[in-house]
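> I have a structure I would like to understand better, so I am pasting it below and will then ask my questions one at a time.
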Amino acid sequence: MSQIRGNEVMVLISPNHTDWNYQLGEEAIFNISVLKDACPMPQAEVDIEAGPVMYPDVKRSKVVLKDGKMTWKAKMTKEGFYRLKVTAHVGERTYDGLCTIGFAPDRLLPTENCPKDFFQFWKQAYEDASRYPLDAHRKLLPERCTERAMVYEVNFNGINPGSRIYGILCIPTASNIKHPALLRVPGAGVRPYQGDIWMAERGAITLEIGVHGIPVTMQQQVYDDLLHGALNGYWEANLDNRDQMPYKRIFIGALRAVDYLTQLPEWNGKELGVTGSSQGGMLSLVCGALHPKVTFIGAVHAALCDHKASLYGKACGWPHYFYGQKHPNLQKVEVSGYFDGVNFARLLTIPSWFSFGYNDEVVPPNSSYATYNVVKGAKKLSVYPATGHFWFQEQWDEWQSWIAKQLKLEQ
């Protein structure tokens, strides 16, 4: 069946450094092309927005590209990222192009936002939750089982009795050996989950969880209704109260999911990884920093990092709590420190794999790079500059290959 795919018109922007990185004060040159049917489009009309990420300081309208091409020059004298966005107007349609480059990104540091009792707060919260039994339940999902993996929907206690964590557990059918384990933690939103059957068929126990205390096998409409209703904006609710903020329950719930994996008789007692993207990248940082049984993490464009950066005119991580605010609520600013991924990243001592793109308009590369830079443990960074808040197939393959290697699965 034929499908709609791609556009006739494209706006392409490329920098003159293949790694998209520059030294401070160095001049960067962008090459801009507006193409129609892969050929430069004469007299193309574009709007241009350019400047530091989240703080563009140049805006030009109705710029005509005589031959469909032009160059743009830029430089920065402070560490950070410079973003060029070009919008072409063709008839009644618009087409966007984006390119973001780094200036000394390996020197970026986050703003200071760590409460004095940060570690004690989370240590106590986890210990309090651990006093309650998991009270775990599982239900076989025969329609999802394969010859090499058994699939279940499971649920267990999270931060306290009655606050349940639901997920999809996949266990290799090979019962004569013990297996490594992998926890997959979710990005922001409300949705059902299928479980990581693919990795389970390769020999790992996998658990993919939701974080909202509801089953993860219902119809999509249920989750859509919750996202637009009771759970709308949960990521910023009660930010002035560290105990009522939803992420306290969510973070502890992720740690309890690790507990659940460790008590499975099929686990080998050795390898246990946590991985996710965006909000899931943040949850990976949390588990890697706070749970002693976690042996590695993989975090992709981790959200919820460097919240206070915008108070100093720098790009801050999603959900951009204080972006554009001249007089933020000081209590919220203080509480945000307990939920800042940078503070968890500083505690990492286990092998960690990080990846993100420079063109990310949700989680800016500033917060991703600054977070990576404070990690003191063994770490690996794999940047795919052209990606936004998504990943390329090659990036996904590298990510899963690194995980499989950490789990000691056959490649």
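A Cβ is built for glycine as well, from the same backbone N, Cα and C atoms used for every other residue.
Per TrEMBL, the features are:
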- S278: active site, nucleophile (ACT_SITE)
- D360: active site, charge relay system (ACT_SITE)
- H389: active site, charge relay system (ACT_SITE)
- 110-392: domain 'Acetyl xylan esterase' (DOMAIN)
> Averaged across the domain 'Acetyl xylan esterase' (110-392), what pLDDT does the model get? Just tell me the whole number, please.
98
> Relative to the Cβ of D360 (active site, charge relay system), which residues of the same chain, six or more apart in sequence, are found under 8 Å away?
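Counting only residues 6 or more apart in sequence, the Cβ neighbours of D360 (active site, charge relay system) under 8 Å are H301, S368, T387, G388, H389.
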> Between S278, H389, which of the active-site residues has its C-beta surrounded by the fewest other C-beta atoms within 10 Å?
H389
